[in-house]
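K.L.:
Got these off Swiss-Prot a minute ago, pasting:
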type: BINDING; residues: 92, 98, 107, 111, 204, 208; note: S-adenosyl-L-methionine binding site
type: REGION; residues: 49-52; note: region 'Interaction with host proteins TAB2, TAB3 and ZRANB3'
């Protein structure tokens, strides 16, 4: 089961050159062994050092870039509306689109991935008011972290974030139960079970959810 770390409120920025401190600021329960490892290829875009524990932040690539991204996010930020309208799946088809639709008040929750915990967008997001993140490593992947971003000023925010994690775990369990099946068949069968509700908690348009379910059903019929 996934045990994500939750930021229940906006994280206060810290003035430091040490890479370890900024990660612990948004991910306080991360395992200490993480900092004994050498930075991976994606970390090296933002930090320099023999290990993550002694690494320092790169001024331009992390410090300045995070400041630029935070400034941009503040201009796009909006207070939570009284009600949310469905959005097109295309609006949230990129990492930026996913979090932008949340901070601009279009939907209460979104999800994206980062290839490094030093990603400037992730740190900038965590400092916005009423924007929270649940972070956990993607299984069977040495680099990716899944970020569930949600509005803390809407009751739907954390409710849907928690449900996303439940559905994510359900899909993983189904794929493990189908370990005798071909990988593509496992992926499609598990997707069929969670796809409709997943689309609903992401606030996608009903017609687009229906179209996606039809696509999944057609794909399954071709595989079986």
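All positions are counted from 1 along the displayed chain.
Just so you know, glycine gets a Cβ as well, placed from its N, Cα and C.
Given the structure is predicted, the values throughout are model-derived calculations rather than measurements.
Give me the local environment of each listed feature.
P.N.:
Residue 107 (S-adenosyl-L-methionine binding site) carries neither a helix nor a strand DSSP state and counts as coil.
Only residues 6 or more beyond the boundaries of the region 'Interaction with host proteins TAB2, TAB3 and ZRANB3' (49-52), in the same chain, are considered here, and those with a CB under 8 A from a CB of the stretch are 19-20, 23, 34-39, 43.
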K.L.:
Reported in the order helix, strand, coil, what are the DSSP residue counts of the region 'Interaction with host proteins TAB2, TAB3 and ZRANB3' (49-52)?
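P.N.:
Going through the region 'Interaction with host proteins TAB2, TAB3 and ZRANB3' (49-52) residue by residue, I get 0 helix, 0 strand, 4 coil.
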